[in-house]
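> Here it is: the structure, laid out below.
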Amino acid sequence: MLGIKYLSREDLDLIFETADHFKEVLSRSIKKVPSLRDITIANIFFENSTRTKLSFELAEKRLSADVINFSAAQSSVRKGETLIDTVNNILSMKVDMVVMRHPNPGAGIFLSRHVNASIINAGDGAHEHPTQALLDSYSIREKLGEVAGKKVVIVGDILHSRVALSNIFALQLQGAEVQVCGPRTLIPKYVESLGVRVEPNLRKALEWCDVANMLRIQNERMDMSYFPSTREYTRQYGIDKKLLDSLGKEIVIMHPGPINRGVEITSDVADSSQSIILNQVENGVAIRMAVIYLLASRIK
Ligand code: CP
């Protein structure tokens, strides 16, 4: 599972059907199923994470897999050990699957060519975050019935976002229309070649869409010359309740987290009945259970 780019519409449907099953099981307060008792999974994170790391770990434990967690900051990577050596050492302990977050775009693809294990990309730099896009589409499907034909705008720092690219691929695969909205300096050139319209005006984008996926400014990847100022950004691209209420229609508000409250989204929007932000987080567990289960069925 290296990116949405490598998946078909049928793959997405299978993942969603499998997630439906796990979500139904979890809704019956069944916290654990015995599906992966003979599988060991390593979560290796070279970048910080709250939602993705915990959600993968919980999904693995709910499937009864054995789990080991690796944080680069406390590891021998600090002594100069390479990525391939690190992962091959972990695999020699009879690990079957690796979930990896890494700051370098393509790190998962690189690793998959050099080690003998299933790799799940948990975010590779500004490239892809496939399980985030899957849970985002799954949440839209849950809220609006289907993704096909829906109009989705992704707002904010598209240039540094792995969520944006994976969402564009996933939404288009399912027949949604996608726009992006943000400062010109934060819109990568490739988006228009993917058939995505760029709308520089936030009000117009919100008037057009059924769903707005608000992204944070990725300061950790930012050359600040690309960025106006936080106050200027919020004035032009931040969403507040007044703007939301003035649209004259109800749109769905999403955010992959972490939120910078008061910058891209105010608290009264993030916590409103139009927001499905916490549903996205909840659905992340079922989606990751589905992805792990389907990949593990190839190992067994
Ligand atoms: N959405 C997401 O990837 O959040 P984390 O960085 O906390 O994992």
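Quick reminder: no glycine exception, Cβ is built from N, Cα and C everywhere.
Note: TrEMBL annotation is automatic and uncurated.
What TrEMBL lists as carbamoyl phosphate binding site is R51, T52, R101, H129, Q132, G257, P258. Marked as L-aspartate binding site by TrEMBL: K79, R162, R216. What TrEMBL records for 2-142 is domain 'Aspartate/ornithine carbamoyltransferase carbamoyl-P binding'. Taken from TrEMBL, the feature domain 'Aspartate/ornithine carbamoyltransferase Asp/Orn-binding' applies to 149-294.
Burial and contacts for the listed features, if you can.
Using a 10 Å Cβ-Cβ cutoff, R101 (carbamoyl phosphate binding site) registers 25 neighbours.
DSSP assigns K79 (L-aspartate binding site) to a helix in the three-state reduction. Remark: K79 (L-aspartate binding site) has no non-local neighbours by Cβ distance under 8 Å and separation of at least 6 in sequence.
Regional average pLDDT for the domain 'Aspartate/ornithine carbamoyltransferase carbamoyl-P binding' (2-142) in the model is 96.
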> When you measure from the Cβ of R216 (L-aspartate binding site), how many other Cβ atoms are you left with inside 10 Å?
19
> C-alpha of R162 (L-aspartate binding site) to C-alpha of R101 (carbamoyl phosphate binding site): distance in Å?
11
> Between R216 (L-aspartate binding site) and H129 (carbamoyl phosphate binding site), how many Å separate their Cα atoms?
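Between the Cα atoms of R216 (L-aspartate binding site) and H129 (carbamoyl phosphate binding site), the distance comes to 15 Å.
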> Which binding-site residues from the list T52, K79, R162, R216 come close to ligand 1, meaning a Cβ under 6 Å from one of its atoms?
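Within range of ligand 1: T52.
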> Neighbours of the carbamoyl phosphate site R51, T52, R101, H129, Q132, G257, P258: Cβ within 8 Å of the Cβ centroid, same chain, sequence order.
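Other same-chain residues near the carbamoyl phosphate site: S49, T50, A122, G123, V163, P256.
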> Far apart in sequence but close in space: which same-chain residues, 6 or more away, have a Cβ under 8 Å from Q132 (carbamoyl phosphate binding site)?
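Correct list: T52, G123, R162, V163, S166, N167, P256, G284.
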> Work out, from DSSP, the number of helix, strand and coil residues along the domain 'Aspartate/ornithine carbamoyltransferase carbamoyl-P binding' (2-142).
69 helix, 25 strand, 47 coil
